[in-house]
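Let me begin by presenting the structure, written as structure tokens, before commenting on it.
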Amino acid sequence: LKVIVVKLKKCCVLSYEVRQLQVNIPHSGVVSAPLGSSISIPCLVSLSSTSSSSSSPPAVPRVKWTVVSGGVETQILVARGLRVKVNELYRDRAALLNYTSTPDDLSLWLGDLRSSDSGHYRCEVQQGLEDASDLAQLRVKGVVFHYRDALGRYAFSFHQARTACEAIGARIATPDQLLASYYDGYEQCDAGWLADQSVRYPIQVPREGCYGDMDGQPGVRNYGTMDPDDLFDVYSYCTNREVFHDSIPLQISFSEAQLYCRAAGAVLATTAQLYLAWSEGLDRCSPGWLSDGSVRYPIITPRERCGGVQAGVKTIYRFSNQTGFPEPTSLHDVYCFKGQNLALKNVFI
């Protein structure tokens, strides 16, 4: 009797190796950059794929960068394959840095940064039916402002202009910073020094006395490089700080304001610090003393009784032609700058 042994082989089922679509922005938290500078926001993608035995290749991915600012989402650019389409609003200042040479690197370059560029940036990739994205927050730091000598209009040489900015806690602005502020809506019909020894001013609405070298067109007027001994105002730049305010009802002279801040463990705020407070949202319809002897107040929401229909830091001048600081004996509120936490205190006495 023969016994026949039959060995049965197990049937092996081959499964595809599947890699899911993943998008990652490496940096966590808020990314900060100065006004007028450029920045690269990194974004890396791991595309979905199947094993080599798959009959069809993976779908060509679609890349999209958007930004959400003030509750509004704006598309910056879209790319598929070698085609990259940039929104006209970002022409010449947005690009994918390494996309053509390294398809898994979707880093966004953004130049000529403006305050309005602050927001949440989304790097999104669609591949077939899959969709993945990641977010980064960008905060553009700094504010540009016009500054005039207490003696009157156009009183600074170039070297005096730099010193004046430093004395109020700022530094002289660059042409890029002034241009970025112009694109955010800044206007000032006063010629002022910039860091490259040029003299310029930004105009949104051309009018008599403010045409400059551009006839009836809006833009930044440019006198070019000037003799350093010529006299003009200056445009200053400073970076953002955290602020808070307090109020006590009275008004005081300039010397009393100095003593009050000192008694509170603080010092009179500089003009730059008040502009920073304004750029961070401080809105007070109360003119107050500052360290340079000027009297100013920050307005976010314009109203007629608080300096008219334009937002900004309002200045109280002694003379009707907008020159001269108030008499030191005149009575106003005061803005104090207190502590190592760089806090600005708006005090009403």
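Just so it is clear, glycine is given a Cβ too, placed from its N, Cα and C backbone atoms.
According to TrEMBL, the features are:
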DOMAIN    26-136  domain 'Ig-like'
DOMAIN    143-238  domain 'Link'
DISULFID  C189-C210  disulfide bond
DOMAIN    242-338  domain 'Link'
DISULFID  C285-C306  disulfide bond
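Helix, strand and coil counts from DSSP across the domain 'Link' (242-338) read 22 helix, 25 strand, 50 coil. When pLDDT is averaged over the domain 'Link' (143-238), the result is 93. In this structure the C-alpha atoms belonging to C210 (disulfide bond) and C306 (disulfide bond) are separated by 25 Å. In this structure, the CA atom of C306 (disulfide bond) is 21 Å away from the CA atom of C189 (disulfide bond). Taking a C-beta cut-off of under 8 angstroms and a sequence separation of 6 or more, C189 (disulfide bond) has the following same-chain neighbours: Y201, I203, R207, G209, C210. A count of other CB atoms within 10 A of each Cβ picks out C306 as the most crowded of the disulfide-bonded residues C285, C306.
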